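Structure record follows, encoded as C-alpha coordinates.
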Amino acid sequence: MRTKSLKKNKINVITLGCSKNVYDSEVLMGQLKASGKNVVHEEEGNIVVINTCGFIDNAKAESVNTILEYADKKERGLVDKVFVTGCLSERYRPDLEKEIPNVDQYFGTTELPALLKALGADYRHELLGERLTTTPKNYAYLKISEGCDRPCSFCAIPLMRGKNVSQTIEKLVKEAEGLAKNGVKELILIAQDLTYYGLDLYKKRALGELLEALVKIEGIEWIRLHYAFPTGFPMDVLEIMKREPKICNYIDIPLQHISDSILKSMKRGTTREKTTKLLKDFRAAVPGMAIRTTLIVGYPGETEEDFEILKEFVQEMKFDRMGCFAYSHEENTGAYELVDDVPDEVKQARSLEIMDLQSQISWDLNQEKLGQTFRCIIDRKEGGHFVGRTEFDSPDVDNEVLIDATKHYVKTGEFVNIKIIEATEFDLYGEPA
(Lines of atoms letter the chains of each structure in order from A and count residues from 1; the text may use other names and numbers.)
(Lines give C-alpha, C1' and ligand atoms only; values in the text may rest on other atoms or scores of the structure.)
Protein backbone atom coordinates (compact mmCIF):
# COMPACT_ATOMS: atom_id res chain seq x y z
CA MET A 1 0.00 0.00 0.00
CA ARG A 2 1.35 3.46 -0.84
CA THR A 3 2.09 5.67 2.13
CA LYS A 4 0.01 8.82 2.25
CA SER A 5 1.73 12.16 1.78
CA LEU A 6 3.47 13.55 4.84
CA LYS A 7 0.81 16.24 5.28
CA LYS A 8 -1.88 13.61 5.71
CA ASN A 9 0.07 11.28 7.98
CA LYS A 10 -1.39 10.88 11.45
CA ILE A 11 0.85 9.32 14.09
CA ASN A 12 -0.67 7.28 16.89
CA VAL A 13 1.63 6.51 19.85
CA ILE A 14 0.47 3.53 21.92
CA THR A 15 2.01 3.26 25.38
CA LEU A 16 2.24 0.02 27.34
CA GLY A 17 3.76 -0.55 30.77
CA CYS A 18 4.86 1.79 33.51
CA SER A 19 4.90 5.53 34.14
CA LYS A 20 8.46 5.73 32.77
CA ASN A 21 7.07 4.61 29.42
CA VAL A 22 4.31 7.21 29.68
CA TYR A 23 7.00 9.85 30.14
CA ASP A 24 9.06 8.56 27.20
CA SER A 25 6.01 8.58 24.93
CA GLU A 26 5.22 12.14 25.98
CA VAL A 27 8.77 13.19 25.07
CA LEU A 28 8.44 11.46 21.69
CA MET A 29 5.10 13.17 21.00
CA GLY A 30 6.49 16.54 22.05
CA GLN A 31 9.33 16.17 19.56
CA LEU A 32 6.92 15.09 16.82
CA LYS A 33 4.64 18.06 17.47
CA ALA A 34 7.64 20.43 17.39
CA SER A 35 8.46 19.05 13.93
CA GLY A 36 4.94 19.78 12.75
CA LYS A 37 3.73 16.20 12.81
CA ASN A 38 0.10 15.33 13.46
CA VAL A 39 -0.09 13.25 16.65
CA VAL A 40 -3.54 11.73 17.17
CA HIS A 41 -5.46 9.52 19.54
CA GLU A 42 -5.73 5.76 19.21
CA GLU A 43 -7.38 4.29 16.11
CA GLU A 44 -7.03 7.53 14.15
CA GLY A 45 -3.45 7.15 12.96
CA ASN A 46 -2.14 5.64 9.75
CA ILE A 47 1.34 5.45 11.32
CA VAL A 48 1.59 3.60 14.63
CA VAL A 49 4.37 3.67 17.22
CA ILE A 50 4.12 1.03 19.97
CA ASN A 51 6.11 1.79 23.13
CA THR A 52 6.47 -1.64 24.72
CA CYS A 53 7.11 -3.14 28.16
CA GLY A 54 9.43 -6.12 28.64
CA PHE A 55 9.49 -6.44 32.42
CA ILE A 56 7.61 -9.65 33.29
CA ASP A 57 5.73 -12.35 31.38
CA ASN A 58 2.29 -10.71 31.45
CA ALA A 59 3.67 -7.37 30.28
CA LYS A 60 5.68 -9.04 27.53
CA ALA A 61 2.61 -10.93 26.35
CA GLU A 62 0.56 -7.72 26.18
CA SER A 63 3.31 -6.03 24.17
CA VAL A 64 3.69 -8.94 21.73
CA ASN A 65 -0.07 -9.16 21.24
CA THR A 66 -0.27 -5.44 20.51
CA ILE A 67 2.55 -5.68 17.97
CA LEU A 68 0.82 -8.63 16.30
CA GLU A 69 -2.48 -6.74 16.22
CA TYR A 70 -1.00 -3.76 14.39
CA ALA A 71 1.23 -5.87 12.14
CA ASP A 72 -1.97 -7.60 11.04
CA LYS A 73 -3.70 -4.24 10.50
CA LYS A 74 -0.77 -3.20 8.32
CA GLU A 75 -1.08 -6.45 6.36
CA ARG A 76 -4.77 -5.70 5.78
CA GLY A 77 -4.09 -2.11 4.73
CA LEU A 78 -5.68 -0.52 7.81
CA VAL A 79 -2.46 1.27 8.76
CA ASP A 80 0.53 2.23 6.62
CA LYS A 81 3.48 1.82 8.95
CA VAL A 82 4.22 0.23 12.33
CA PHE A 83 7.24 1.10 14.48
CA VAL A 84 8.12 -0.54 17.79
CA THR A 85 10.23 0.94 20.59
CA GLY A 86 10.62 0.51 24.35
CA CYS A 87 11.86 -2.20 26.66
CA LEU A 88 10.63 -5.28 24.79
CA SER A 89 12.26 -4.04 21.60
CA GLU A 90 15.48 -3.25 23.46
CA ARG A 91 15.61 -6.70 25.01
CA TYR A 92 14.38 -8.94 22.20
CA ARG A 93 14.94 -7.04 18.97
CA PRO A 94 16.58 -9.90 16.96
CA ASP A 95 13.80 -12.30 17.96
CA LEU A 96 11.08 -9.78 17.16
CA GLU A 97 12.59 -8.93 13.78
CA LYS A 98 12.61 -12.63 12.95
CA GLU A 99 9.16 -13.52 14.31
CA ILE A 100 7.23 -10.35 13.36
CA PRO A 101 9.00 -9.02 10.26
CA ASN A 102 5.99 -7.00 9.08
CA VAL A 103 6.94 -4.23 11.52
CA ASP A 104 8.74 -1.47 9.61
CA GLN A 105 11.48 -0.98 12.20
CA TYR A 106 12.36 -1.78 15.81
CA PHE A 107 14.13 0.67 18.14
CA GLY A 108 15.71 0.38 21.58
CA THR A 109 15.17 2.57 24.63
CA THR A 110 17.99 5.00 23.74
CA GLU A 111 17.24 5.50 20.05
CA LEU A 112 14.85 8.45 20.09
CA PRO A 113 16.77 10.39 17.38
CA ALA A 114 16.68 7.39 15.03
CA LEU A 115 12.97 6.80 15.69
CA LEU A 116 12.20 10.45 14.97
CA LYS A 117 14.19 10.27 11.74
CA ALA A 118 12.17 7.23 10.66
CA LEU A 119 9.02 9.25 11.33
CA GLY A 120 10.30 12.13 9.21
CA ALA A 121 10.92 14.37 12.22
CA ASP A 122 13.99 16.17 13.53
CA TYR A 123 15.48 15.43 16.94
CA ARG A 124 15.82 18.72 18.81
CA HIS A 125 17.99 18.38 21.91
CA GLU A 126 16.92 21.77 23.22
CA LEU A 127 13.34 20.49 23.45
CA LEU A 128 14.11 17.61 25.81
CA GLY A 129 11.63 17.84 28.67
CA GLU A 130 9.04 19.68 26.58
CA ARG A 131 6.45 16.96 26.32
CA LEU A 132 2.96 16.44 25.00
CA THR A 133 1.50 15.29 28.31
CA THR A 134 -1.16 12.58 28.28
CA THR A 135 -2.10 12.69 31.96
CA PRO A 136 -4.92 14.89 33.31
CA LYS A 137 -3.83 18.53 33.20
CA ASN A 138 -3.29 18.79 36.96
CA TYR A 139 -0.46 16.24 37.30
CA ALA A 140 2.56 15.07 35.36
CA TYR A 141 5.45 12.65 35.77
CA LEU A 142 8.98 14.00 36.15
CA LYS A 143 11.61 11.38 35.34
CA ILE A 144 14.69 12.37 37.31
CA SER A 145 16.98 9.56 36.15
CA GLU A 146 17.13 6.62 33.78
CA GLY A 147 18.48 3.13 34.35
CA CYS A 148 19.60 1.36 37.52
CA ASP A 149 22.90 0.30 39.11
CA ARG A 150 21.34 -2.13 41.59
CA PRO A 151 22.20 -5.84 41.23
CA CYS A 152 18.76 -7.28 42.12
CA SER A 153 18.78 -10.86 40.90
CA PHE A 154 15.16 -11.00 39.70
CA CYS A 155 15.14 -7.75 37.72
CA ALA A 156 15.72 -7.25 34.00
CA ILE A 157 15.49 -3.45 34.04
CA PRO A 158 19.26 -2.84 33.80
CA LEU A 159 19.26 -5.04 30.67
CA MET A 160 16.70 -2.75 29.06
CA ARG A 161 17.41 0.64 30.59
CA GLY A 162 21.13 0.50 31.31
CA LYS A 163 23.09 2.06 34.15
CA ASN A 164 21.76 4.93 36.27
CA VAL A 165 21.98 8.31 34.54
CA SER A 166 20.67 11.29 36.52
CA GLN A 167 19.31 14.47 34.98
CA THR A 168 20.77 17.70 36.35
CA ILE A 169 18.85 19.67 38.93
CA GLU A 170 18.87 22.65 36.57
CA LYS A 171 17.29 20.68 33.72
CA LEU A 172 14.63 19.17 35.98
CA VAL A 173 13.73 22.55 37.47
CA LYS A 174 13.37 24.02 33.97
CA GLU A 175 11.17 21.11 32.92
CA ALA A 176 9.03 21.41 36.05
CA GLU A 177 8.66 25.17 35.53
CA GLY A 178 7.37 24.51 32.02
CA LEU A 179 4.87 21.99 33.34
CA ALA A 180 3.69 24.46 35.99
CA LYS A 181 3.12 27.13 33.34
CA ASN A 182 0.89 24.65 31.52
CA GLY A 183 -1.28 24.15 34.60
CA VAL A 184 0.37 21.17 36.28
CA LYS A 185 -0.08 21.32 40.05
CA GLU A 186 1.33 17.91 41.06
CA LEU A 187 4.71 16.48 40.11
CA ILE A 188 5.20 12.73 40.45
CA LEU A 189 8.93 12.06 40.62
CA ILE A 190 9.83 8.75 38.98
CA ALA A 191 12.99 6.73 38.38
CA GLN A 192 14.06 3.14 38.64
CA ASP A 193 15.61 4.21 41.96
CA LEU A 194 14.93 7.70 43.32
CA THR A 195 17.33 7.22 46.22
CA TYR A 196 20.30 6.79 43.86
CA TYR A 197 19.65 10.16 42.25
CA GLY A 198 22.73 12.34 41.87
CA LEU A 199 25.45 9.81 42.69
CA ASP A 200 26.68 9.78 39.09
CA LEU A 201 26.54 13.57 38.62
CA TYR A 202 27.34 14.98 42.02
CA LYS A 203 29.08 12.02 43.73
CA LYS A 204 26.45 12.14 46.46
CA ARG A 205 22.77 11.40 46.91
CA ALA A 206 21.06 14.61 45.83
CA LEU A 207 17.32 13.89 46.01
CA GLY A 208 17.00 16.27 48.94
CA GLU A 209 18.69 19.09 47.00
CA LEU A 210 16.40 18.46 44.05
CA LEU A 211 13.32 18.65 46.27
CA GLU A 212 14.55 21.91 47.83
CA ALA A 213 14.73 23.38 44.32
CA LEU A 214 11.39 22.01 43.13
CA VAL A 215 9.37 23.31 46.08
CA LYS A 216 10.28 26.87 45.05
CA ILE A 217 8.42 26.59 41.73
CA GLU A 218 5.29 28.72 41.63
CA GLY A 219 2.16 26.74 40.78
CA ILE A 220 3.46 23.36 41.93
CA GLU A 221 1.52 22.39 45.05
CA TRP A 222 2.22 18.67 45.45
CA ILE A 223 5.42 16.69 44.86
CA ARG A 224 5.13 12.91 45.15
CA LEU A 225 7.94 10.35 45.42
CA HIS A 226 7.84 7.05 43.55
CA TYR A 227 10.18 4.07 43.50
CA ALA A 228 12.62 4.57 46.35
CA PHE A 229 15.04 1.81 47.36
CA PRO A 230 15.34 0.68 51.00
CA THR A 231 19.15 0.56 50.99
CA GLY A 232 20.96 3.89 51.29
CA PHE A 233 17.82 5.97 51.65
CA PRO A 234 18.81 9.67 52.08
CA MET A 235 17.24 10.52 55.43
CA ASP A 236 17.39 14.27 54.79
CA VAL A 237 14.43 13.68 52.47
CA LEU A 238 12.26 12.94 55.51
CA GLU A 239 13.27 16.22 57.15
CA ILE A 240 12.33 18.10 53.99
CA MET A 241 9.05 16.18 53.70
CA LYS A 242 8.11 17.12 57.24
CA ARG A 243 9.09 20.77 56.75
CA GLU A 244 7.77 21.45 53.26
CA PRO A 245 3.98 21.27 52.80
CA LYS A 246 4.40 20.78 49.04
CA ILE A 247 6.07 17.39 49.54
CA CYS A 248 3.29 14.81 49.89
CA ASN A 249 3.54 12.67 53.02
CA TYR A 250 3.76 9.64 50.76
CA ILE A 251 6.44 7.32 49.48
CA ASP A 252 6.47 4.32 47.16
CA ILE A 253 9.25 1.99 48.31
CA PRO A 254 9.15 -1.50 46.73
CA LEU A 255 10.50 -3.97 49.30
CA GLN A 256 9.93 -7.19 47.28
CA HIS A 257 10.31 -9.53 50.30
CA ILE A 258 11.33 -9.58 53.94
CA SER A 259 12.67 -13.08 54.65
CA ASP A 260 16.43 -12.69 55.14
CA SER A 261 17.24 -15.75 53.03
CA ILE A 262 15.15 -14.48 50.12
CA LEU A 263 16.52 -10.93 50.44
CA LYS A 264 20.05 -12.33 50.30
CA SER A 265 19.31 -14.38 47.19
CA MET A 266 17.59 -11.36 45.61
CA LYS A 267 20.76 -9.30 46.32
CA ARG A 268 18.74 -6.55 47.92
CA GLY A 269 21.52 -5.48 50.28
CA THR A 270 19.30 -5.31 53.35
CA THR A 271 17.70 -7.45 56.06
CA ARG A 272 14.36 -7.70 57.79
CA GLU A 273 15.76 -5.90 60.83
CA LYS A 274 17.17 -3.00 58.81
CA THR A 275 14.02 -2.66 56.72
CA THR A 276 11.74 -2.68 59.75
CA LYS A 277 13.86 0.01 61.41
CA LEU A 278 13.77 2.12 58.24
CA LEU A 279 9.98 1.99 58.03
CA LYS A 280 9.61 2.83 61.71
CA ASP A 281 12.01 5.74 61.21
CA PHE A 282 9.80 6.93 58.32
CA ARG A 283 6.71 6.94 60.49
CA ALA A 284 8.48 8.55 63.44
CA ALA A 285 9.95 11.33 61.29
CA VAL A 286 6.74 12.03 59.34
CA PRO A 287 3.68 11.03 61.39
CA GLY A 288 0.80 10.00 59.17
CA MET A 289 3.02 9.26 56.17
CA ALA A 290 1.44 6.87 53.65
CA ILE A 291 3.79 4.06 52.62
CA ARG A 292 3.17 2.09 49.44
CA THR A 293 5.17 -1.04 48.69
CA THR A 294 5.37 -3.90 46.21
CA LEU A 295 6.07 -7.53 47.05
CA ILE A 296 7.10 -10.59 45.04
CA VAL A 297 5.97 -14.09 46.01
CA GLY A 298 7.11 -17.40 44.55
CA TYR A 299 10.77 -16.42 44.15
CA PRO A 300 13.02 -19.49 43.67
CA GLY A 301 13.49 -21.28 46.96
CA GLU A 302 10.66 -19.45 48.76
CA THR A 303 9.48 -21.90 51.42
CA GLU A 304 6.29 -21.93 53.43
CA GLU A 305 8.36 -20.51 56.29
CA ASP A 306 9.57 -17.63 54.10
CA PHE A 307 6.00 -16.92 53.07
CA GLU A 308 4.78 -16.97 56.68
CA ILE A 309 7.52 -14.47 57.57
CA LEU A 310 6.27 -12.23 54.77
CA LYS A 311 2.65 -12.47 55.94
CA GLU A 312 3.67 -11.64 59.52
CA PHE A 313 5.54 -8.60 58.24
CA VAL A 314 2.55 -7.37 56.24
CA GLN A 315 0.32 -7.71 59.29
CA GLU A 316 2.89 -6.00 61.51
CA MET A 317 3.66 -3.02 59.27
CA LYS A 318 0.13 -2.35 58.01
CA PHE A 319 1.14 -0.69 54.76
CA ASP A 320 -1.19 1.99 53.49
CA ARG A 321 -0.96 0.73 49.91
CA MET A 322 0.43 -2.44 48.38
CA GLY A 323 0.81 -4.44 45.20
CA CYS A 324 1.87 -8.08 45.07
CA PHE A 325 3.16 -10.01 42.06
CA ALA A 326 3.96 -13.62 41.32
CA TYR A 327 7.64 -14.08 40.49
CA SER A 328 8.46 -14.13 36.77
CA HIS A 329 11.55 -16.17 35.76
CA GLU A 330 13.42 -13.73 33.50
CA GLU A 331 16.29 -14.85 31.28
CA ASN A 332 19.68 -13.14 31.64
CA THR A 333 18.97 -12.17 35.24
CA GLY A 334 20.88 -13.57 38.21
CA ALA A 335 17.86 -15.49 39.46
CA TYR A 336 17.48 -17.23 36.10
CA GLU A 337 20.34 -19.50 37.16
CA LEU A 338 18.17 -20.73 40.03
CA VAL A 339 15.51 -23.39 39.72
CA ASP A 340 12.05 -21.85 39.32
CA ASP A 341 10.75 -24.35 41.85
CA VAL A 342 7.56 -22.74 43.18
CA PRO A 343 4.61 -23.98 41.07
CA ASP A 344 2.58 -21.31 39.28
CA GLU A 345 -0.58 -22.21 41.17
CA VAL A 346 1.28 -21.75 44.48
CA LYS A 347 2.63 -18.39 43.33
CA GLN A 348 -0.86 -17.21 42.43
CA ALA A 349 -2.35 -18.51 45.68
CA ARG A 350 0.30 -16.74 47.74
CA SER A 351 -0.22 -13.50 45.84
CA LEU A 352 -3.97 -13.67 46.48
CA GLU A 353 -3.39 -14.43 50.15
CA ILE A 354 -1.14 -11.41 50.57
CA MET A 355 -3.65 -9.16 48.81
CA ASP A 356 -6.48 -10.54 50.94
CA LEU A 357 -4.48 -9.55 54.02
CA GLN A 358 -3.87 -6.13 52.56
CA SER A 359 -7.55 -5.70 51.69
CA GLN A 360 -8.48 -6.08 55.35
CA ILE A 361 -5.72 -3.68 56.40
CA SER A 362 -6.86 -1.17 53.78
CA TRP A 363 -10.47 -1.52 54.93
CA ASP A 364 -9.51 -0.83 58.54
CA LEU A 365 -7.33 2.16 57.63
CA ASN A 366 -10.03 3.65 55.41
CA GLN A 367 -12.71 3.29 58.10
CA GLU A 368 -10.54 5.51 60.30
CA LYS A 369 -10.92 8.27 57.70
CA LEU A 370 -14.70 8.50 58.12
CA GLY A 371 -15.72 11.98 59.20
CA GLN A 372 -12.30 13.44 58.43
CA THR A 373 -11.73 16.20 55.88
CA PHE A 374 -8.90 15.98 53.36
CA ARG A 375 -7.55 18.35 50.74
CA CYS A 376 -8.11 16.54 47.44
CA ILE A 377 -7.11 17.17 43.85
CA ILE A 378 -9.95 16.47 41.42
CA ASP A 379 -8.61 14.46 38.46
CA ARG A 380 -11.71 13.93 36.34
CA LYS A 381 -15.44 13.36 36.08
CA GLU A 382 -16.37 9.76 35.35
CA GLY A 383 -19.92 8.49 35.12
CA GLY A 384 -21.89 9.95 37.98
CA HIS A 385 -18.89 10.94 40.08
CA PHE A 386 -16.12 13.47 40.30
CA VAL A 387 -12.94 11.52 41.04
CA GLY A 388 -10.17 12.92 43.20
CA ARG A 389 -7.26 11.91 45.41
CA THR A 390 -5.76 12.87 48.76
CA GLU A 391 -2.04 13.58 49.15
CA PHE A 392 -1.76 9.97 50.34
CA ASP A 393 -2.84 8.54 46.99
CA SER A 394 -1.09 8.33 43.64
CA PRO A 395 -2.99 8.13 40.33
CA ASP A 396 -4.11 4.75 38.98
CA VAL A 397 -2.69 2.60 41.80
CA ASP A 398 -4.14 3.97 45.05
CA ASN A 399 -7.41 5.05 46.65
CA GLU A 400 -9.72 7.41 44.82
CA VAL A 401 -12.15 9.83 46.41
CA LEU A 402 -15.57 9.76 44.72
CA ILE A 403 -17.99 12.70 44.94
CA ASP A 404 -21.58 12.24 43.77
CA ALA A 405 -21.92 14.50 40.73
CA THR A 406 -25.72 14.49 40.95
CA LYS A 407 -25.51 16.23 44.34
CA HIS A 408 -22.30 18.24 44.24
CA TYR A 409 -20.17 20.17 41.78
CA VAL A 410 -16.40 20.44 42.05
CA LYS A 411 -14.01 21.73 39.42
CA THR A 412 -11.64 19.25 37.81
CA GLY A 413 -7.98 20.10 38.09
CA GLU A 414 -8.52 22.04 41.32
CA PHE A 415 -8.00 21.36 45.02
CA VAL A 416 -11.13 20.93 47.14
CA ASN A 417 -11.62 20.06 50.82
CA ILE A 418 -13.64 16.85 50.96
CA LYS A 419 -15.28 15.26 54.00
CA ILE A 420 -15.25 11.44 53.90
CA ILE A 421 -18.71 9.96 54.44
CA GLU A 422 -18.19 6.35 53.30
CA ALA A 423 -15.24 4.03 52.75
CA THR A 424 -14.46 0.65 51.18
CA GLU A 425 -11.12 -1.17 50.92
CA PHE A 426 -9.84 0.88 48.02
CA ASP A 427 -12.20 3.84 47.60
CA LEU A 428 -13.41 6.75 49.67
CA TYR A 429 -16.68 8.61 49.17
CA GLY A 430 -17.04 12.21 50.17
CA GLU A 431 -18.72 15.58 49.84
CA PRO A 432 -17.37 19.13 49.78
CA ALA A 433 -16.64 20.26 53.33
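Placement of Cβ uses the backbone N, Cα and C atoms for every residue, glycine included.
Features as listed in Swiss-Prot:
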BINDING   Cys18, Cys53, Cys87  [4Fe-4S] cluster 1 binding site
BINDING   Cys148, Cys152, Cys155  [4Fe-4S] cluster 2 binding site
DOMAIN    9-124  domain 'MTTase N-terminal'
DOMAIN    134-364  domain 'Radical SAM core'
DOMAIN    367-433  domain 'TRAM'
Secondary structure tally of the domain 'MTTase N-terminal' (9-124) (DSSP, helix then strand then coil): 55 helix, 23 strand, 38 coil
Helix, strand and coil counts within the domain 'TRAM' (367-433) (DSSP): 1 helix, 35 strand, 31 coil
Neighbourhood of Cys87 ([4Fe-4S] cluster 1 binding site) by C-beta distance under 8 A, where only residues 6 or more apart in the same chain count: Gly17, Asn21, Thr52, Cys53, Gly54, Phe55, Thr109, Ile157, Met160, Arg161
Additional residues surrounding [4Fe-4S] cluster 1, by Cβ distance to the Cys18, Cys53, Cys87 centre under 8 Å: Leu16, Gly17, Lys20, Asn21, Thr52, Gly54, Phe55, Ala59, Gly86, Leu88, Met160
All-chain count of other Cβ atoms within 10 Å of Cys155 ([4Fe-4S] cluster 2 binding site): 22
C-alpha spacing of Cys148 ([4Fe-4S] cluster 2 binding site) relative to Cys18 ([4Fe-4S] cluster 1 binding site), in angstrom: 15
Chain-internal residues near Cys148 ([4Fe-4S] cluster 2 binding site), provided their CB is under 8 angstroms and they sit 6+ positions away: Cys155, Ile157, Pro158, Arg161, Lys163, Asn164, Gln192, Asp193, Tyr196
Across the domain 'TRAM' (367-433), average pLDDT on the 0 to 100 scale: 97
Neighbourhood of Cys152 ([4Fe-4S] cluster 2 binding site), C-beta criterion under 8 angstroms, separation at least six: Gln256, Met266, Lys267, Arg268, Gly334
